[in-house]
Amino acid sequence: MTSLPKNPPKKKLGLVIDLDICVGCHACAVNCKEWNTGGHSAPLTDSDPYGADPTGVWFNRIHSFEVENDQTGGRTVHFPKSCLHCDDAPCVTVCPTGASYKREEDGIVLVNADHCIGCKLCSWACPYGAREYDEDAGVMKKCTLCVDKIYNPNLPEESRVPACVSTCPVGARSFGDLGDPESDVSRLVAKRGGYDLMPEQDCKPTNKYLPPRPKRTGAEGGSAAARLTPVADSSAGVLARWVDKFLSA
Amino acid sequence: MHPAKSVIFFTTASGAGYGLLFLLIAGDLLGLAPGGFWPAFTGYAVSYALITGGLLSSTFHLGHPERAWRALTQWRSSWLSREGVMAVLTFLPTGLYALHQLFFPERMPGITGVIGVIGAICCIVTVYCTAMIYASLKPVHAWSNRFVPAGYLLLSLMTGALVLNALFALFGPPSPVFLILALLSLIAALVWKISYWRFLDGTKSLSTPESATGLGEFGRVKLFEAPHTEANYLMKEMGFQIARKHAMKLRRITLTLAFVLPLLLTLLALFVGGSLAAAALILALLNAAIGIVTERWLFFAEARHTVGLYYGAAHA
Ligand code: SF4
Ligand code: SF4
Ligand code: SF4
(Lines of atoms letter the chains of each structure in order from A and count residues from 1; the text may use other names and numbers.)
(Lines give C-alpha, C1' and ligand atoms only; values in the text may rest on other atoms or scores of the structure.)
(Ligands and ions follow the chains in the order given, each with its own letter.)
Protein backbone atom coordinates (compact mmCIF):
# COMPACT_ATOMS: atom_id res chain seq x y z
CA MET A 1 0.00 0.00 0.00
CA THR A 2 1.79 3.14 -1.12
CA SER A 3 -0.53 5.63 0.44
CA LEU A 4 1.13 7.08 3.51
CA PRO A 5 -0.09 5.65 6.84
CA LYS A 6 -3.60 6.93 7.69
CA ASN A 7 -2.55 7.77 11.20
CA PRO A 8 0.76 9.63 10.94
CA PRO A 9 3.32 7.65 12.96
CA LYS A 10 3.69 8.96 16.53
CA LYS A 11 7.08 7.39 16.82
CA LYS A 12 9.50 8.83 14.28
CA LEU A 13 12.83 7.10 14.33
CA GLY A 14 15.58 8.97 12.62
CA LEU A 15 19.06 10.39 12.71
CA VAL A 16 20.49 13.69 13.84
CA ILE A 17 23.69 14.59 12.04
CA ASP A 18 26.04 17.12 13.55
CA LEU A 19 27.82 19.05 10.82
CA ASP A 20 29.97 20.73 13.44
CA ILE A 21 31.56 17.48 14.49
CA CYS A 22 31.67 15.40 11.29
CA VAL A 23 35.23 15.10 10.02
CA GLY A 24 34.30 13.51 6.70
CA CYS A 25 36.10 10.23 7.38
CA HIS A 26 33.50 8.08 5.52
CA ALA A 27 33.53 5.51 8.34
CA CYS A 28 29.72 5.61 8.63
CA ALA A 29 29.34 5.01 4.89
CA VAL A 30 31.70 2.06 5.04
CA ASN A 31 30.09 0.48 8.07
CA CYS A 32 26.64 1.09 6.54
CA LYS A 33 27.76 -0.86 3.50
CA GLU A 34 29.29 -3.55 5.72
CA TRP A 35 26.15 -4.11 7.80
CA ASN A 36 23.60 -3.74 5.05
CA THR A 37 25.28 -5.96 2.50
CA GLY A 38 24.25 -8.77 4.83
CA GLY A 39 21.01 -7.21 6.04
CA HIS A 40 17.39 -6.49 5.08
CA SER A 41 18.20 -5.30 1.54
CA ALA A 42 21.31 -7.40 0.92
CA PRO A 43 23.45 -7.44 -1.10
CA LEU A 44 24.69 -3.91 -1.78
CA THR A 45 25.92 -4.84 -5.23
CA ASP A 46 29.08 -3.35 -6.72
CA SER A 47 29.96 -3.54 -10.36
CA ASP A 48 33.52 -3.34 -11.62
CA PRO A 49 34.73 -2.76 -8.03
CA TYR A 50 38.43 -3.08 -8.87
CA GLY A 51 38.20 -1.82 -12.45
CA ALA A 52 38.37 1.56 -14.09
CA ASP A 53 34.74 2.53 -13.52
CA PRO A 54 33.58 1.17 -10.17
CA THR A 55 29.99 1.87 -9.15
CA GLY A 56 27.74 0.35 -6.56
CA VAL A 57 24.92 0.65 -4.09
CA TRP A 58 25.59 2.83 -1.05
CA PHE A 59 22.89 3.89 1.42
CA ASN A 60 25.00 6.65 2.89
CA ARG A 61 27.31 9.00 1.06
CA ILE A 62 29.60 11.73 2.39
CA HIS A 63 29.76 14.96 0.43
CA SER A 64 32.11 17.81 1.31
CA PHE A 65 31.10 21.39 0.70
CA GLU A 66 33.02 24.59 0.68
CA VAL A 67 31.16 27.55 2.12
CA GLU A 68 32.53 30.83 0.83
CA ASN A 69 32.08 34.05 2.74
CA ASP A 70 33.94 37.28 2.02
CA GLN A 71 33.62 38.52 5.60
CA THR A 72 34.35 35.44 7.63
CA GLY A 73 36.43 33.51 5.10
CA GLY A 74 35.69 30.06 3.84
CA ARG A 75 35.05 26.84 5.68
CA THR A 76 34.73 23.21 4.71
CA VAL A 77 31.71 21.26 5.87
CA HIS A 78 31.51 17.50 5.60
CA PHE A 79 28.01 16.41 4.86
CA PRO A 80 26.81 12.81 5.22
CA LYS A 81 23.49 12.06 3.54
CA SER A 82 21.24 9.04 3.70
CA CYS A 83 17.45 8.62 3.54
CA LEU A 84 15.71 11.17 5.75
CA HIS A 85 12.64 8.94 6.36
CA CYS A 86 10.31 11.79 5.43
CA ASP A 87 6.85 12.25 6.94
CA ASP A 88 5.41 13.16 3.55
CA ALA A 89 7.57 10.80 1.56
CA PRO A 90 6.95 11.35 -2.18
CA CYS A 91 9.00 8.23 -2.97
CA VAL A 92 6.23 6.22 -1.29
CA THR A 93 3.19 7.82 -2.90
CA VAL A 94 4.54 7.65 -6.48
CA CYS A 95 5.32 3.94 -6.26
CA PRO A 96 2.88 2.13 -8.58
CA THR A 97 3.30 -1.31 -7.03
CA GLY A 98 3.07 -0.83 -3.29
CA ALA A 99 6.69 -1.92 -2.94
CA SER A 100 7.60 1.34 -1.22
CA TYR A 101 6.00 1.90 2.14
CA LYS A 102 6.23 3.88 5.33
CA ARG A 103 5.81 1.95 8.55
CA GLU A 104 3.04 3.13 10.81
CA GLU A 105 4.78 1.95 13.96
CA ASP A 106 8.01 3.96 13.63
CA GLY A 107 7.94 5.92 10.38
CA ILE A 108 10.74 3.97 8.70
CA VAL A 109 10.52 4.02 4.87
CA LEU A 110 11.33 0.67 3.27
CA VAL A 111 11.18 -1.13 -0.08
CA ASN A 112 9.71 -4.60 -0.49
CA ALA A 113 12.14 -6.12 -2.97
CA ASP A 114 9.68 -8.88 -3.91
CA HIS A 115 7.15 -6.36 -5.25
CA CYS A 116 9.42 -3.70 -6.75
CA ILE A 117 9.37 -3.66 -10.56
CA GLY A 118 12.41 -1.40 -10.81
CA CYS A 119 10.61 1.46 -12.54
CA LYS A 120 12.92 3.95 -10.76
CA LEU A 121 10.12 6.49 -10.34
CA CYS A 122 10.74 6.71 -6.59
CA SER A 123 14.32 7.79 -7.24
CA TRP A 124 12.97 10.61 -9.42
CA ALA A 125 10.50 11.62 -6.72
CA CYS A 126 13.03 11.84 -3.89
CA PRO A 127 14.53 15.34 -3.89
CA TYR A 128 17.50 14.19 -1.81
CA GLY A 129 18.90 11.40 -3.94
CA ALA A 130 18.43 8.83 -1.22
CA ARG A 131 17.33 5.93 -3.42
CA GLU A 132 19.74 3.45 -4.91
CA TYR A 133 19.04 1.25 -7.87
CA ASP A 134 20.59 -2.21 -7.86
CA GLU A 135 21.29 -2.98 -11.53
CA ASP A 136 21.94 -6.61 -10.71
CA ALA A 137 18.78 -7.32 -8.77
CA GLY A 138 16.66 -4.90 -10.85
CA VAL A 139 15.10 -3.39 -7.74
CA MET A 140 15.34 -0.19 -5.75
CA LYS A 141 17.15 -0.17 -2.42
CA LYS A 142 17.67 2.43 0.26
CA CYS A 143 18.72 3.15 3.82
CA THR A 144 16.68 0.87 6.09
CA LEU A 145 17.57 2.81 9.24
CA CYS A 146 19.19 -0.53 10.02
CA VAL A 147 15.77 -1.94 10.87
CA ASP A 148 17.42 -5.36 11.25
CA LYS A 149 19.86 -4.01 13.82
CA ILE A 150 17.89 -1.58 15.94
CA TYR A 151 15.27 -4.23 16.84
CA ASN A 152 17.63 -7.20 16.85
CA PRO A 153 17.08 -9.23 20.04
CA ASN A 154 20.31 -11.14 19.40
CA LEU A 155 22.36 -8.02 19.93
CA PRO A 156 23.14 -6.48 23.31
CA GLU A 157 20.84 -3.54 24.06
CA GLU A 158 23.57 -0.91 23.54
CA SER A 159 24.33 -2.23 20.04
CA ARG A 160 20.77 -1.74 18.83
CA VAL A 161 21.56 1.49 16.98
CA PRO A 162 22.19 1.99 13.26
CA ALA A 163 25.58 0.89 12.01
CA CYS A 164 26.52 4.40 10.93
CA VAL A 165 25.76 5.73 14.41
CA SER A 166 27.71 3.12 16.32
CA THR A 167 30.74 3.44 14.07
CA CYS A 168 31.16 7.21 13.95
CA PRO A 169 34.50 7.87 15.67
CA VAL A 170 33.58 11.41 16.69
CA GLY A 171 29.95 10.91 17.67
CA ALA A 172 28.53 13.10 14.92
CA ARG A 173 25.46 10.91 14.46
CA SER A 174 22.67 10.37 16.95
CA PHE A 175 19.71 8.07 16.68
CA GLY A 176 16.35 8.26 18.40
CA ASP A 177 12.66 9.10 18.34
CA LEU A 178 12.17 12.53 16.80
CA GLY A 179 8.43 12.25 17.30
CA ASP A 180 8.89 12.48 21.07
CA PRO A 181 9.78 16.07 22.07
CA GLU A 182 11.32 14.78 25.31
CA SER A 183 13.76 12.36 23.68
CA ASP A 184 17.51 13.04 23.77
CA VAL A 185 17.62 13.62 20.02
CA SER A 186 14.69 16.06 20.08
CA ARG A 187 16.34 18.01 22.91
CA LEU A 188 19.59 18.08 20.99
CA VAL A 189 17.79 19.40 17.89
CA ALA A 190 16.04 22.07 19.95
CA LYS A 191 19.25 23.12 21.71
CA ARG A 192 21.41 23.32 18.61
CA GLY A 193 18.87 24.66 16.11
CA GLY A 194 18.61 21.48 14.06
CA TYR A 195 16.99 21.96 10.68
CA ASP A 196 15.38 20.21 7.70
CA LEU A 197 17.09 19.91 4.31
CA MET A 198 15.18 21.61 1.46
CA PRO A 199 12.03 22.43 3.47
CA GLU A 200 10.62 23.97 0.25
CA GLN A 201 10.22 20.48 -1.18
CA ASP A 202 7.54 19.79 1.48
CA CYS A 203 8.72 16.27 2.32
CA LYS A 204 8.92 16.95 6.08
CA PRO A 205 12.09 14.92 6.62
CA THR A 206 12.52 13.18 9.98
CA ASN A 207 16.32 13.34 10.01
CA LYS A 208 17.71 16.64 11.22
CA TYR A 209 21.02 18.40 10.64
CA LEU A 210 22.83 20.43 13.28
CA PRO A 211 24.61 23.49 11.86
CA PRO A 212 28.35 24.03 12.30
CA ARG A 213 29.05 26.27 15.30
CA PRO A 214 30.26 29.78 14.49
CA LYS A 215 34.00 30.00 13.93
CA ARG A 216 35.90 30.92 17.04
CA THR A 217 38.17 33.94 16.84
CA GLY A 218 41.42 34.69 18.71
CA ALA A 219 39.62 37.08 21.03
CA GLU A 220 37.70 34.19 22.54
CA GLY A 221 40.98 32.62 23.58
CA GLY A 222 40.85 29.63 21.36
CA SER A 223 42.93 30.72 18.41
CA ALA A 224 45.57 28.44 17.01
CA ALA A 225 48.33 31.05 17.45
CA ALA A 226 47.66 31.31 21.16
CA ARG A 227 47.83 27.59 21.66
CA LEU A 228 51.14 27.33 19.83
CA THR A 229 53.19 29.63 22.08
CA PRO A 230 56.14 27.66 23.38
CA VAL A 231 55.28 25.84 26.57
CA ALA A 232 58.62 26.61 28.12
CA ASP A 233 61.22 29.35 28.15
CA SER A 234 64.75 29.51 29.58
CA SER A 235 63.42 29.95 33.10
CA ALA A 236 61.88 26.50 32.94
CA GLY A 237 63.54 23.42 34.31
CA VAL A 238 65.85 21.19 32.33
CA LEU A 239 63.25 18.54 31.74
CA ALA A 240 60.69 21.06 30.50
CA ARG A 241 63.24 22.62 28.18
CA TRP A 242 64.22 19.24 26.88
CA VAL A 243 60.59 18.33 26.24
CA ASP A 244 60.04 21.64 24.46
CA LYS A 245 63.10 21.14 22.28
CA PHE A 246 62.01 17.61 21.48
CA LEU A 247 58.48 18.64 20.57
CA SER A 248 59.48 21.59 18.42
CA ALA A 249 62.19 19.69 16.55
CA MET B 1 17.29 13.78 -16.39
CA HIS B 2 18.60 10.86 -18.39
CA PRO B 3 16.62 10.52 -21.64
CA ALA B 4 15.90 6.78 -21.79
CA LYS B 5 15.02 5.52 -25.28
CA SER B 6 12.23 3.27 -24.08
CA VAL B 7 10.49 6.09 -22.24
CA ILE B 8 10.86 8.48 -25.18
CA PHE B 9 9.36 5.91 -27.52
CA PHE B 10 6.61 5.07 -25.04
CA THR B 11 5.43 8.63 -24.48
CA THR B 12 5.60 9.69 -28.14
CA ALA B 13 4.11 6.54 -29.66
CA SER B 14 1.32 6.07 -27.15
CA GLY B 15 0.61 9.81 -27.26
CA ALA B 16 0.11 9.66 -31.03
CA GLY B 17 -1.86 6.43 -30.68
CA TYR B 18 -4.34 7.88 -28.17
CA GLY B 19 -4.65 11.08 -30.22
CA LEU B 20 -5.46 9.03 -33.30
CA LEU B 21 -7.90 6.79 -31.46
CA PHE B 22 -9.65 9.83 -30.00
CA LEU B 23 -9.98 11.45 -33.45
CA LEU B 24 -11.25 8.24 -35.07
CA ILE B 25 -14.01 7.85 -32.50
CA ALA B 26 -14.86 11.55 -32.29
CA GLY B 27 -14.81 11.78 -36.10
CA ASP B 28 -17.21 8.86 -36.43
CA LEU B 29 -19.50 10.10 -33.67
CA LEU B 30 -19.76 13.48 -35.38
CA GLY B 31 -20.01 11.95 -38.84
CA LEU B 32 -16.85 13.73 -40.01
CA ALA B 33 -14.67 10.73 -40.90
CA PRO B 34 -14.52 9.52 -44.48
CA GLY B 35 -16.72 6.47 -44.98
CA GLY B 36 -15.59 3.00 -45.88
CA PHE B 37 -14.17 0.06 -44.02
CA TRP B 38 -10.47 0.25 -44.86
CA PRO B 39 -9.59 3.77 -43.75
CA ALA B 40 -11.23 3.17 -40.37
CA PHE B 41 -9.79 -0.33 -40.05
CA THR B 42 -6.26 0.89 -40.82
CA GLY B 43 -6.74 3.81 -38.45
CA TYR B 44 -7.76 1.61 -35.51
CA ALA B 45 -5.04 -0.93 -36.31
CA VAL B 46 -2.34 1.75 -36.38
CA SER B 47 -3.59 3.42 -33.20
CA TYR B 48 -3.62 0.14 -31.26
CA ALA B 49 -0.19 -0.75 -32.66
CA LEU B 50 1.21 2.60 -31.47
CA ILE B 51 -0.43 2.28 -28.06
CA THR B 52 0.53 -1.35 -27.47
CA GLY B 53 4.03 -0.83 -28.85
CA GLY B 54 4.49 2.16 -26.56
CA LEU B 55 3.18 0.32 -23.49
CA LEU B 56 5.40 -2.69 -24.20
CA SER B 57 8.44 -0.50 -24.69
CA SER B 58 7.73 1.21 -21.37
CA THR B 59 8.16 -2.15 -19.66
CA PHE B 60 11.59 -2.65 -21.26
CA HIS B 61 13.32 -0.30 -18.88
CA LEU B 62 11.85 -2.04 -15.83
CA GLY B 63 14.10 -4.14 -13.64
CA HIS B 64 11.32 -6.75 -13.40
CA PRO B 65 8.96 -6.58 -16.42
CA GLU B 66 7.30 -9.84 -15.33
CA ARG B 67 5.91 -8.06 -12.27
CA ALA B 68 4.49 -5.17 -14.33
CA TRP B 69 0.92 -6.15 -13.38
CA ARG B 70 1.64 -5.00 -9.84
CA ALA B 71 1.80 -1.45 -11.21
CA LEU B 72 -1.99 -1.55 -11.57
CA THR B 73 -2.58 -1.74 -7.83
CA GLN B 74 -1.69 1.68 -6.38
CA TRP B 75 -4.00 3.97 -8.34
CA ARG B 76 -5.07 5.69 -5.14
CA SER B 77 -1.77 7.51 -4.82
CA SER B 78 0.41 6.94 -7.89
CA TRP B 79 -0.01 8.61 -11.29
CA LEU B 80 2.07 5.87 -12.88
CA SER B 81 -0.37 3.32 -11.55
CA ARG B 82 -3.36 5.41 -12.69
CA GLU B 83 -1.78 5.62 -16.13
CA GLY B 84 -1.48 1.83 -16.27
CA VAL B 85 -5.05 1.30 -15.09
CA MET B 86 -6.42 3.81 -17.58
CA ALA B 87 -4.40 2.32 -20.43
CA VAL B 88 -5.94 -1.08 -19.75
CA LEU B 89 -9.46 0.30 -19.21
CA THR B 90 -9.35 2.37 -22.41
CA PHE B 91 -9.06 -0.77 -24.53
CA LEU B 92 -12.59 -1.78 -23.52
CA PRO B 93 -14.88 1.08 -24.66
CA THR B 94 -12.66 2.04 -27.60
CA GLY B 95 -12.38 -1.59 -28.73
CA LEU B 96 -16.15 -2.08 -28.48
CA TYR B 97 -16.76 1.09 -30.41
CA ALA B 98 -14.22 0.14 -33.11
CA LEU B 99 -15.88 -3.29 -33.51
CA HIS B 100 -19.26 -1.64 -33.80
CA GLN B 101 -18.08 0.90 -36.33
CA LEU B 102 -16.19 -1.61 -38.46
CA PHE B 103 -18.47 -4.61 -38.41
CA PHE B 104 -21.99 -3.52 -37.39
CA PRO B 105 -22.20 0.04 -38.67
CA GLU B 106 -25.89 -0.11 -39.55
CA ARG B 107 -27.04 -0.89 -36.01
CA MET B 108 -26.51 2.28 -34.04
CA PRO B 109 -28.47 2.17 -30.82
CA GLY B 110 -27.92 5.04 -28.39
CA ILE B 111 -25.70 2.91 -26.22
CA THR B 112 -22.86 2.78 -28.78
CA GLY B 113 -22.81 6.56 -28.83
CA VAL B 114 -22.37 6.53 -25.07
CA ILE B 115 -19.61 3.93 -25.35
CA GLY B 116 -17.90 6.07 -27.97
CA VAL B 117 -17.99 9.16 -25.78
CA ILE B 118 -16.63 7.16 -22.84
CA GLY B 119 -13.87 5.77 -25.07
CA ALA B 120 -12.90 9.22 -26.31
CA ILE B 121 -12.79 10.56 -22.74
CA CYS B 122 -10.68 7.55 -21.66
CA CYS B 123 -8.09 8.48 -24.33
CA ILE B 124 -7.80 12.00 -22.94
CA VAL B 125 -7.60 10.82 -19.33
CA THR B 126 -4.88 8.27 -20.15
CA VAL B 127 -2.67 10.89 -21.80
CA TYR B 128 -3.34 13.23 -18.88
CA CYS B 129 -2.18 10.51 -16.46
CA THR B 130 1.04 10.03 -18.45
CA ALA B 131 1.70 13.76 -18.23
CA MET B 132 0.96 13.84 -14.50
CA ILE B 133 3.65 11.21 -13.84
CA TYR B 134 6.09 13.98 -14.75
CA ALA B 135 4.11 17.00 -13.62
CA SER B 136 3.78 15.57 -10.10
CA LEU B 137 7.54 15.31 -9.56
CA LYS B 138 8.35 18.34 -7.48
CA PRO B 139 12.14 17.87 -7.49
CA VAL B 140 12.14 18.43 -11.27
CA HIS B 141 11.26 22.08 -11.67
CA ALA B 142 11.04 21.84 -15.49
CA TRP B 143 8.25 19.29 -15.12
CA SER B 144 6.20 20.22 -12.09
CA ASN B 145 4.23 23.01 -13.72
CA ARG B 146 0.98 23.47 -15.61
CA PHE B 147 2.70 23.59 -19.00
CA VAL B 148 3.43 19.88 -18.91
CA PRO B 149 -0.07 18.33 -18.89
CA ALA B 150 -1.27 20.90 -21.45
CA GLY B 151 1.67 20.04 -23.69
CA TYR B 152 1.18 16.29 -23.52
CA LEU B 153 -2.49 16.66 -24.45
CA LEU B 154 -1.78 19.09 -27.29
CA LEU B 155 1.06 17.04 -28.75
CA SER B 156 -1.04 13.90 -28.53
CA LEU B 157 -3.84 15.57 -30.50
CA MET B 158 -1.37 17.06 -32.97
CA THR B 159 0.54 13.85 -33.70
CA GLY B 160 -2.74 11.89 -33.80
CA ALA B 161 -4.09 14.31 -36.41
CA LEU B 162 -0.93 14.06 -38.51
CA VAL B 163 -1.07 10.25 -38.48
CA LEU B 164 -4.77 10.34 -39.33
CA ASN B 165 -4.28 12.66 -42.30
CA ALA B 166 -1.36 10.65 -43.68
CA LEU B 167 -3.36 7.41 -43.34
CA PHE B 168 -6.57 8.72 -44.87
CA ALA B 169 -4.56 10.21 -47.75
CA LEU B 170 -3.66 6.66 -48.73
CA PHE B 171 -7.33 5.88 -49.36
CA GLY B 172 -8.68 9.01 -50.98
CA PRO B 173 -8.73 12.77 -51.00
CA PRO B 174 -7.86 14.26 -47.59
CA SER B 175 -10.74 15.54 -45.49
CA PRO B 176 -10.57 19.33 -45.06
CA VAL B 177 -11.99 19.15 -41.55
CA PHE B 178 -9.09 17.01 -40.33
CA LEU B 179 -6.55 19.08 -42.27
CA ILE B 180 -7.81 22.22 -40.55
CA LEU B 181 -7.82 20.44 -37.21
CA ALA B 182 -4.21 19.41 -37.78
CA LEU B 183 -3.27 22.97 -38.69
CA LEU B 184 -4.94 24.36 -35.58
CA SER B 185 -3.31 21.81 -33.31
CA LEU B 186 0.09 22.45 -34.92
CA ILE B 187 -0.24 26.18 -34.29
CA ALA B 188 -1.43 25.65 -30.72
CA ALA B 189 1.38 23.19 -30.01
CA LEU B 190 3.96 25.53 -31.52
CA VAL B 191 2.79 28.42 -29.36
CA TRP B 192 2.78 26.12 -26.34
CA LYS B 193 6.31 24.87 -26.97
CA ILE B 194 7.73 28.35 -27.39
CA SER B 195 6.02 29.55 -24.20
CA TYR B 196 7.30 26.49 -22.35
CA TRP B 197 10.88 27.20 -23.37
CA ARG B 198 10.49 30.85 -22.41
CA PHE B 199 9.21 29.76 -19.02
CA LEU B 200 12.11 27.32 -18.65
CA ASP B 201 14.73 29.93 -19.49
CA GLY B 202 13.35 32.45 -17.04
CA THR B 203 12.68 30.27 -14.03
CA LYS B 204 14.67 28.51 -11.36
CA SER B 205 13.82 25.93 -8.74
CA LEU B 206 13.32 27.23 -5.23
CA SER B 207 15.92 24.72 -4.16
CA THR B 208 19.58 25.80 -4.20
CA PRO B 209 22.88 24.35 -2.95
CA GLU B 210 22.24 26.53 0.12
CA SER B 211 18.80 25.08 0.86
CA ALA B 212 19.96 21.56 0.00
CA THR B 213 22.65 21.72 2.66
CA GLY B 214 21.08 24.27 4.98
CA LEU B 215 24.41 26.10 5.04
CA GLY B 216 23.22 29.30 3.34
CA GLU B 217 23.53 31.36 6.53
CA PHE B 218 27.30 30.79 6.45
CA GLY B 219 27.87 31.80 2.83
CA ARG B 220 27.80 30.54 -0.74
CA VAL B 221 27.84 26.77 -0.95
CA LYS B 222 29.99 24.91 -3.48
CA LEU B 223 30.76 21.23 -3.78
CA PHE B 224 34.30 20.62 -2.57
CA GLU B 225 34.52 16.87 -2.87
CA ALA B 226 32.01 14.39 -4.28
CA PRO B 227 31.34 11.23 -2.28
CA HIS B 228 32.88 9.00 -4.93
CA THR B 229 35.49 9.25 -7.64
CA GLU B 230 33.24 7.72 -10.33
CA ALA B 231 29.67 8.55 -11.34
CA ASN B 232 27.02 6.70 -9.34
CA TYR B 233 23.44 5.74 -10.23
CA LEU B 234 22.04 9.07 -9.06
CA MET B 235 24.40 11.07 -11.25
CA LYS B 236 23.79 8.89 -14.30
CA GLU B 237 20.01 8.86 -13.91
CA MET B 238 19.32 12.33 -12.57
CA GLY B 239 22.50 14.27 -13.19
CA PHE B 240 22.31 14.12 -16.99
CA GLN B 241 23.08 17.54 -18.40
CA ILE B 242 23.12 18.91 -21.89
CA ALA B 243 25.26 21.84 -22.98
CA ARG B 244 23.21 24.98 -23.58
CA LYS B 245 24.65 25.28 -27.10
CA HIS B 246 23.47 21.80 -28.03
CA ALA B 247 20.09 22.38 -26.45
CA MET B 248 19.57 25.50 -28.56
CA LYS B 249 20.45 23.60 -31.73
CA LEU B 250 18.04 20.80 -30.83
CA ARG B 251 15.32 23.31 -30.04
CA ARG B 252 15.66 24.73 -33.54
CA ILE B 253 15.52 21.23 -35.02
CA THR B 254 12.39 20.54 -32.97
CA LEU B 255 10.68 23.74 -34.07
CA THR B 256 11.43 23.08 -37.73
CA LEU B 257 10.69 19.37 -37.92
CA ALA B 258 7.88 19.00 -35.41
CA PHE B 259 5.92 22.15 -36.15
CA VAL B 260 6.95 24.44 -39.01
CA LEU B 261 7.45 21.90 -41.82
CA PRO B 262 4.35 19.83 -40.95
CA LEU B 263 2.42 23.10 -40.84
CA LEU B 264 3.56 24.15 -44.32
CA LEU B 265 3.08 20.67 -45.78
CA THR B 266 -0.41 20.31 -44.32
CA LEU B 267 -1.28 23.74 -45.65
CA LEU B 268 -0.05 22.64 -49.06
CA ALA B 269 -2.26 19.54 -48.91
CA LEU B 270 -5.23 21.76 -48.21
CA PHE B 271 -4.81 23.52 -51.54
CA VAL B 272 -3.45 20.87 -53.88
CA GLY B 273 -5.21 17.58 -54.38
CA GLY B 274 -4.46 14.03 -55.41
CA SER B 275 -1.16 12.29 -54.96
CA LEU B 276 0.72 15.53 -54.29
CA ALA B 277 -1.44 16.12 -51.22
CA ALA B 278 -0.89 12.52 -50.09
CA ALA B 279 2.87 12.89 -50.50
CA ALA B 280 2.84 16.17 -48.55
CA LEU B 281 0.86 14.63 -45.69
CA ILE B 282 3.13 11.59 -45.45
CA LEU B 283 6.17 13.85 -45.50
CA ALA B 284 4.57 16.01 -42.80
CA LEU B 285 4.15 12.94 -40.61
CA LEU B 286 7.74 11.75 -41.12
CA ASN B 287 9.13 15.18 -40.26
CA ALA B 288 6.91 15.44 -37.21
CA ALA B 289 7.94 11.97 -36.02
CA ILE B 290 11.62 12.93 -35.93
CA GLY B 291 10.73 16.35 -34.50
CA ILE B 292 8.62 14.93 -31.67
CA VAL B 293 11.25 12.39 -30.69
CA THR B 294 13.76 15.27 -30.49
CA GLU B 295 11.23 17.28 -28.48
CA ARG B 296 10.80 14.44 -26.00
CA TRP B 297 14.55 13.84 -25.77
CA LEU B 298 14.97 17.51 -24.86
CA PHE B 299 12.09 17.32 -22.38
CA PHE B 300 14.27 14.93 -20.38
CA ALA B 301 17.71 16.30 -21.19
CA GLU B 302 16.85 19.88 -20.24
CA ALA B 303 15.18 18.91 -16.97
CA ARG B 304 17.32 19.25 -13.86
CA HIS B 305 16.76 17.35 -10.64
CA THR B 306 17.42 18.74 -7.17
CA VAL B 307 19.80 15.85 -6.46
CA GLY B 308 22.26 17.63 -8.78
CA LEU B 309 22.63 20.27 -6.06
CA TYR B 310 24.48 17.71 -3.95
CA TYR B 311 26.82 16.98 -6.85
CA GLY B 312 27.99 20.43 -7.85
CA ALA B 313 25.06 21.91 -9.79
CA ALA B 314 24.60 25.61 -9.06
CA HIS B 315 20.84 25.47 -9.55
CA ALA B 316 18.09 22.93 -10.16
S1 SF4 C 1 14.72 11.00 1.79
FE2 SF4 C 1 13.96 10.41 -0.22
S3 SF4 C 1 13.87 8.18 -0.12
FE4 SF4 C 1 13.98 8.90 1.99
S5 SF4 C 1 11.83 9.08 2.65
FE6 SF4 C 1 12.48 11.10 1.91
S7 SF4 C 1 11.82 11.11 -0.22
FE8 SF4 C 1 11.84 8.97 0.42
S1 SF4 D 1 11.36 1.32 -8.44
FE2 SF4 D 1 10.24 -0.13 -7.15
S3 SF4 D 1 9.97 0.92 -5.19
FE4 SF4 D 1 10.52 2.48 -6.72
S5 SF4 D 1 8.56 3.28 -7.49
FE6 SF4 D 1 9.17 1.62 -8.88
S7 SF4 D 1 8.18 -0.21 -8.05
FE8 SF4 D 1 8.13 1.35 -6.43
S1 SF4 E 1 20.78 3.98 9.29
FE2 SF4 E 1 21.74 2.07 8.61
S3 SF4 E 1 21.14 1.92 6.47
FE4 SF4 E 1 20.77 4.05 7.05
S5 SF4 E 1 22.68 5.14 6.55
FE6 SF4 E 1 22.89 4.48 8.67
S7 SF4 E 1 23.93 2.51 8.55
FE8 SF4 E 1 23.14 2.96 6.51
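Each Cβ is built from the backbone N, Cα and C atoms, and glycine gets one as well.
Listed in TrEMBL:
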- B:7-25: transmembrane segment (TRANSMEM)
- B:45-63: transmembrane segment (TRANSMEM)
- B:84-104: transmembrane segment (TRANSMEM)
- B:110-135: transmembrane segment (TRANSMEM)
- B:147-171: transmembrane segment (TRANSMEM)
- B:177-196: transmembrane segment (TRANSMEM)
- B:253-272: transmembrane segment (TRANSMEM)
- B:278-299: transmembrane segment (TRANSMEM)
Winner by Cβ pairs under 8 Å against the transmembrane segment (B:84-104), considering only B:45-63, B:110-135, B:177-196, B:278-299: B:110-135
Maximum Cβ pairs under 8 Å to the transmembrane segment (B:278-299) - stretch from the list B:7-25, B:147-171, B:177-196, B:253-272: B:253-272
Chain residues outside the transmembrane segment (B:45-63) and at least six past its termini with a C-beta under 8 angstroms from it: 4, 6-7, 9-18, 20-21, 24, 87, 160, 163, 167
